[in-house]
């Protein structure tokens, strides 16, 4: 850890030489000098272009060499959200600043390599930290293609542990692309926000932008009077003179951060009337920042309530206090993800932090709780203990995802949130992990170097499979041993599995986990209850040649009238008894049985379903449908597992069935099969359910399947709202909006759009934005797609999800696909790799024809869409085509026969 304060020697000010100093006044003179240049010429100077060739000998990979180790940064940054030129206000969003990095040299080198991207570096000084001797350089340049900032010195730095200071002056653009340092519109005012993860700190200041190159950060933000600056640590503000500038400026200097990775650095400049709700946890200040009207209306109250509970829970769980003396959480107007765990300054989109009782739904409340719990878990795992490199991102995000369910369960014990990890994580991961194009949780470092490669890892495998595999480990070694392993501090995150090996000497924990983390996919375990034989193979939806992968599989099973057992099946069971493996879905795998055992399990469901554990009832349905898609069992057997649902009242089995039947809808809602698939026999008892989740599902399914009473109810509630009386229950808003607009006309759509456009509550805007996508009128859907290109109508952070909503509408799927192909260059530039992949995946979910496959494959020459996620889309589409051809008539016959027995 770096300690102390390091002060550089002041450079002589002769002509246009800038100064190296920790004294704020002199640093401000540097910035003032740049401003004086601008006043004479409003065009900012371009980056210096070397007149000699670039130095040879760049790193052989996109990783930084380890000859220099950063220990601390001293950064001054000044965002310009507008400038005044000739008494005319002109919008000009950019920032400028300077940075001093204290470096330890561990190997002789003439070249300094660090990261910078899209920055104009205007001045560089290298000095010996002890002697203050300046070390001359031959040339320097920012290489935007590789993101390297290279400085070639005349004399080598000595690698005997000597310390050096690297001073740079730089400036860059404040874009609205939600990455690096970016501008964000709030009413008529503009804020500045930051988002450094995964590799965008280099767009803000020259730095060693790799997660294991941790350092202490000393930040000063210079901002206009009337604004507030926040960063990771506590700040102290004072007015400063900026020479001839007409405006008043404030310099806010923040306490040194803990030793941390560059991607966790954060700062924001907001309008000063931004509201805040304050409280204390022990002696630590906890604040929620948001729009003033939202704070005044109490929308931040719930986030504060659960923050205090979950912080206390995590401190007790990990036996370690939260490390900083303050925690700010801020809801920003424009944010790419749900939340970002910046140490001490956690950022959220509004819908992930703000909740209004009586307006927001229960699912909105659950979303807030889950996201807050996830980001707070990172304050220990990810911030304090960090992965060495991005190839092990799964431990960072998978662990935070898994632990978030514990945090929410503590804060809201009546929700039974732990049961929902099956639906929200395990099955989400299994959907993509059953494709040949999936990837292991842990990749070789050499395969994850490019920023695009890193960004692609922020996917369902990393988050959801990571959580699922850790949940399996938790069940295998049991809670006490798992939590004791987490309490080992001061290690790199990848080594977090080692304590489990030490505390479970009779179990090869590391060996078992490697089979789940270092190879893609997961197995299907086939059990023959007549012979007692058990076998495994990789589960693939599009089955092909066996790749020979094997997993070490912990199995929990139960027999009729017996307790849960944990072992491998070693003997055959009694002829009249059923056997159920992977009880409560603690393992990350699917289970297939001989047909006789399947029939016994189905009979048990139909005669006395509570005899089978709740989670396992949902698991049986999900396994059966996916096994049928992969041709392990007949599709009619899978459909038969749902017939007992007329007696089921719990959410997990119903959601499992509906999710799998939605696949049938996607495959057949454009064919003659769709008519008989309307499911009135499912809805006899389900439509009147009072369960929170079941009620939402029931009304959605009933309306989408043409139940007249449901559509009439949606239209009636919507029309009352149009006439000034809003009686729509919060939990049903998105469902009612969707189905009323689907059955409505242009006037209904326009009314909903006006409500969306003027709404100030994020959750209401989200519900309306989804509802607007449900219209069946093609021209309205085309209008709506066009709105996604206008960020004054649809915010950039919401554009991709709006397109996917339209694609889920059978009337809008082809429109959405044609739209993204026509605008792909714009979309890929505006949204970036993480949005691109999910957008392509979502818009092509319904693809199941040869023509659609050809449309996707035409992108192989780069003419249609980017190649991101293309392999998965092609593989899934090929599997869909094959499945539809083989099962269409069988599915049609089954539904026709079921309708006859009504």
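Note that Cβ sites are derived from N, Cα and C of the backbone, with glycine treated the same way.
Of the candidate ranges 21-40, 41-60, 61-80, TrEMBL annotates residues 41-60 with the feature region 'Disordered'.
The Zn(2+) site recorded in TrEMBL comprises 374, 378 together with one of 350, 397, 412, namely 397. The transmembrane segment annotation in TrEMBL falls on one of the ranges 12-35, 84-107, namely 12-35. If you take the CA of residue 463 (site 'Transition state stabilizer') and look 10 A around it, the recorded positions you hit from 374, 375, 378, 397 are 397. The record gives 374, 378, 397 for Zn(2+). Within 8 Å of the mean position of their Cβ atoms, the other Cβ atoms in that chain belong to 341, 375, 377, 381, 382, 396, 399, 400, 401, 404.
Cβ crowding, taken as the number of other Cβ atoms within 10 Å, peaks at 375 among the recorded positions 375, 397. Distance noted between the C-alpha atoms of residue 375 (active site, proton acceptor) and residue 397 (Zn(2+) binding site) is 10 Å.
Sequence-distant contacts (6 or more apart, same chain, Cβ under 8 Å) of residue 378 (Zn(2+) binding site) comprise 341, 396, 400.
Taking the Cβ of residue 463 (site 'Transition state stabilizer') as centre and 10 Å as the limit, one finds 23 other Cβ atoms among all the protein chains shown. Mean predicted confidence for the domain 'ERAP1-like C-terminal' (578-878): the pLDDT average there is 87.
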